[in-house]
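Below: one structure in structure tokens.
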Amino acid sequence: MLDLSMYLVMGSQDCPNHDPITILEQAIEGGITCFQFREKNSGRSWADIIALGKRLRQICADHQIPFIVNDRVDLGMILEADGIHVGQDDLPAAEVRKLIGSHRILGVSAKTTEQAHQAVQNGADYIGVGPMFETVSKPDASAPIGPEAIKHIRKNLPQFPIVGIGGITPERTAPVISAGADGVAVISAITQAESPLKATQRFIEQIALARK
Ligand SMILES: Cc1ncc(COP(=O)(O)OP(=O)(O)O)c(N)n1
Ligand SMILES: Cc1nc(C(=O)O)sc1CCOP(=O)(O)O
Ligand SMILES: [Mg+2]
């Protein structure tokens, strides 16, 4: 079963201090349970993106970590991804489900209960809800909707897999989990940490504490 507890999202644009390979390896050692390759406006050529994606994909495969590709079904197919994540302005989720078949994971962004219900109908396996807090990693992000948004969605979808995203740090993990999220999706608090390993371990501790 898909474990969304600690979901690292990353592209080379998010990695000013360490290279993406090192970050992914440390994050896996630290305990991530899912990974999304989200290469956005990095200025890299497609050849470079595919070469990087293949290396990250192999590392995930070696450690049995699900490898999800953001936005692009074509890139997902090239990289033999385990799944695709799409937002409200991307390819329609129902069409993506048809393209990727029933055996791959489909993640869909949702901010409201209505969008969440629609995502379920369209064949989503999980929803990403955000931004929880102010984020430095997505220039086109909307205003924060906070853990309250997860509380509302959780009331209406008691069993469906939900991950919170946007501005989440170890200190801000407990409110997201307590609101009903199955896990947290994180970019900068891991990719820009001095030690991605220690940062991931701190998240894992906070998730465990919040679930007690
Ligand atoms: C786990 C997760 N949740 C939400 C998003 C955001 O997707 P989207 O709204 O399509 O924005 P971009 O990531 O494409 O900028 C996500 N990527 N992952
Ligand atoms: C990719 C993404 N999606 C968001 C949403 O709200 O849907 S917020 C976001 C950026 C998350 O990065 P950080 O952990 O550095 O804030
Ligand atoms: Mg998108």
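Glycine residues also receive a Cβ, built from the backbone N, Cα and C atoms like all the rest.
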In TrEMBL, the 4-amino-2-methyl-5-(diphosphooxymethyl)pyrimidine site includes GLN36, PHE37, ARG38, GLU39, LYS40, SER109, LYS138. Which of ASN17, ASN70 does it also list there?
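Candidate in the recorded 4-amino-2-methyl-5-(diphosphooxymethyl)pyrimidine site: ASN70.
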Of GLN36, PHE37, ASN70, ASP71, SER109, LYS138, listed as binding-site residues, which ones have a Cβ less than 6 Å away from ligand 2?
SER109, LYS138
Can you tell me which of ARG38, GLU39, ASP71, ASP90, LYS138, our binding-site residues, come within under 6 Å of ligand 3 at the Cβ?
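Passing the 6 Å Cβ check against ligand 3: ASP71, ASP90.
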Tell me, which binding-site residues from ARG38, SER109, LYS138 are within 10 Å of ASP71 (Mg(2+) binding site) if we use the C-alpha atoms?
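Near ASP71 (Mg(2+) binding site) by Cα: ARG38.
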